[in-house]
Amino acid sequence: MHVLTQSCVLFVWMHTLTFVKSQDCTRKQFVDGPLFDDSFDTSDLEASYSAGKQVRVSCRVGFSGFFKLTCTEGQWLSRGTKCQLRSCGHPGEAQSADFRLEKGEDFVFGSQVVYTCHKGYQMVSRTNFRRCMTEGWDGTVPVCEAKQCPVIHFDSKVLVNGDTDEATYGNVVRFSCKSNSEMLDGSAEIYCDENGEWIGKVPTCKAITCAVPAIENGYVTEDIQEYKEREVLHFECDPKYRRGEDRPSQCTKLGVQAEWSPTPVCEPITCKLQLPPLEGTRYEPAFRNVFLPGDLLTVNCGEKYWISNPQNISAVTTCKDNGEWTIRPICKEVICSNQRDRHVYSWNVYWRQIITLGETTPYRCTTGYMESATEATCTRDGWKPNPLCQEITCDRRDFETADVVRNNKQKYRYNDQVDYVCKEGYRGRFTLNCKDRGWTGNSQCSEIKCIRQVYQNADIDENVRNEYRYNDQVKYTCNNGHEGHFTLTCGETGWNGSPQCKLIQCKTLQIDNAYITHNEKESYGHNDRVQYACRKGSDRRFTVTCEQSGWTGIESCSACQNAAVPHGFVVGPYNDTVYYTCKHGYKLFTKGWWSEAKCIDGEWSGVQICIENEKCGETPVIPNGEVTPPRGQIKTARITCREGYNVNVNRLTCSNGTWHSQGVPTKEICTPFAVPCKAPPQVQNAVVLTSYQKKYLSDTEVTYKCRDKYTLLLGENTIRCKDGKWEAKNIECTQLPQEQ
């Protein structure tokens, strides 16, 4: 039994050992597997590794990396990066040289770069390459050195510009002669090439000369082999050929050499065209630019171009024997002058500006001229309208009320002045100025007018007005205690005539049974009052007044007698009153057909007279006025209005027994005067041609006058007073433009 047990244990142990050995990983397994490549160094690996074992695989020389293997269940598992070629970095730049990669594809182990010197440089290092080794690039960066050309030796007459001693590749040395009378014999410059050799010979200096040139289709007319400086070459061209230049060819030093200038050339006689043609020009035929004598060419111009003259837009020209065209085959643009006319003051065209057909510009004319249009237009005939500026003129003005006294002619130029004097019946002088809008100035004469004169003791007989014209006559009749007549005539300086009235006087009044108690004297004036007292039998006192008709207010100092009314009859008395009326064909002087009278202090008071029916009685009451009763056989009664009232009818007329006021109602006979105006408004840069007053009557007219170098803007210079207000007119004085 014991033996059996040991046998079983041995079997299990051997089976386990066999199973464990089957889980190992071998080197051969790695080398033959997909993880292996030639960059690995396996020389230090063991033949096998047990499960779970980790091992680092080394890289071959020239490679680097970190690569680990782990044995897991008989399989290699990897971690890290495989081996890669070791990098050496940039090999280094060499001055004046380039390098290229001769081996390998990158700067890694085993690669090699080769350096090459630039043109004109040579390698001075022992090697021209570098290799990437395990420790990096071997050697050093090669060195290139510039190749030098030999030292130059030159003549003392030669002037040298450049490095003659240590010139290297690309250096240039230039030569010229010190004397202006010599030229180089040889190259003007030499340069050092890539091989360190000079290209070209060092020149010398010699006197300036030109050889006889070979002239194709021409020949030299002189037997001279060599020409000195500034000498002229005389040559002729063969038939049908001509000189290329009209200027004579002269031996001239150009730079450092001597040449003929201009070059002597003989060319066929042809007419040539520039192709493509200039703007605005078109040719027929279109693609030919050389023409022989006799050939025709049609030239067509664009819309804004011309040929031959500004009116033509096409022309046919012929090539002549001398190589010239009968008409120059070039279309010129229609251009108007940018120089303004002498009468144009300003316009939107500046100096050197090109003005073409159809363009317009606003403009202004100088003083004394006016614009013919609002803008100028460029046309084929030049600027339109033509002229741009027309001279300002004024035709003579004639007035019914004034005559010319200075500078009388039919037509006037700008700023001309004409003096006028007003005719008879008018007042004033005036001057007109010819300006851009015609005549300026106050062309009015003031009509001579006289304001109605009002007198306290006289009235106008007829034709009563507030104003009267020149030579009008006004007749006055005296009143208010005055008598007489006078006439005033409206003249240049006002009213002419002597307004005189004689004062009415009354003689001392003798009244029976009465005596004067106050104001006794030999004679009395109008409105003088005298007091009387009755003598015996009465203590009455009364006052009489000297009036235009005589004494009024006379009373009797005796008892009342029988009342008597001529052309009437009396009834009574009844106590102290009687009643009376008029007989047939008569009427009472007062209103009504009967009246009464009372006996007072011995006199009948209120007794009226009876007048014929065809006569007028008592005058009507005039509101704000007084009526002076007529005297004698006069059938008119004068009307006087209170102060401040205007009399519209100055008398009443008796007709058919009734007073008439020329159809004017009595309440409208005396009307208030129109309201006067205060002083007229002030106008800047102007005065009023009359004396200053605080008040001006209605219908008064005043005239404004502008100061020198100013003129009325709208031409009106008068305003009128109407019922306390001046007319609303815009009177404005504006300054005249400055003359240029």
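Just so it is clear, glycine is given a Cβ too, placed from its N, Cα and C backbone atoms.
Note that the structure is predicted; figures quoted are calculated from it, not measured.
Per TrEMBL, the residue from CYS721, CYS733 that shares a disulphide bond with CYS706 is CYS733. Bond annotation: of CYS117, CYS177, CYS192, only CYS192 is listed by TrEMBL as forming a disulfide with CYS149. Partner cysteine of CYS144, as given in TrEMBL, is CYS117 (from among CYS117, CYS132, disulfide bond). Take the CB of CYS144 (disulfide bond) and look out to 10 A: across all protein chains shown you find 21 other CB atoms. Neighbours of CYS706 (disulfide bond), defined as other CB atoms within 10 A of its CB across all chains, total 24. Sequence-distant contacts (6 or more apart, same chain, Cβ under 8 Å) of CYS149 (disulfide bond) comprise ALA167, THR168, ASN171, CYS192, ASP193, GLY196, GLU197, TRP198.
Between the domain 'Sushi' (675-735) and the domain 'Sushi' (443-503), three or more CB pairs separated by 6 or more residues in sequence fall under 8 Å, so the two stretches touch. Between the alpha carbons (Cα) of CYS733 (disulfide bond) and CYS117 (disulfide bond) lies a span of roughly 97 Å. In sequence order, SER96, ALA97, MET123, CYS144 constitute the residues six or more apart from CYS117 (disulfide bond) in its chain with CB-CB distances below 8 Å. Counting other CB atoms no more than 10 Å from each candidate's CB, the disulfide-bonded residues CYS192, CYS733 peak at CYS192.
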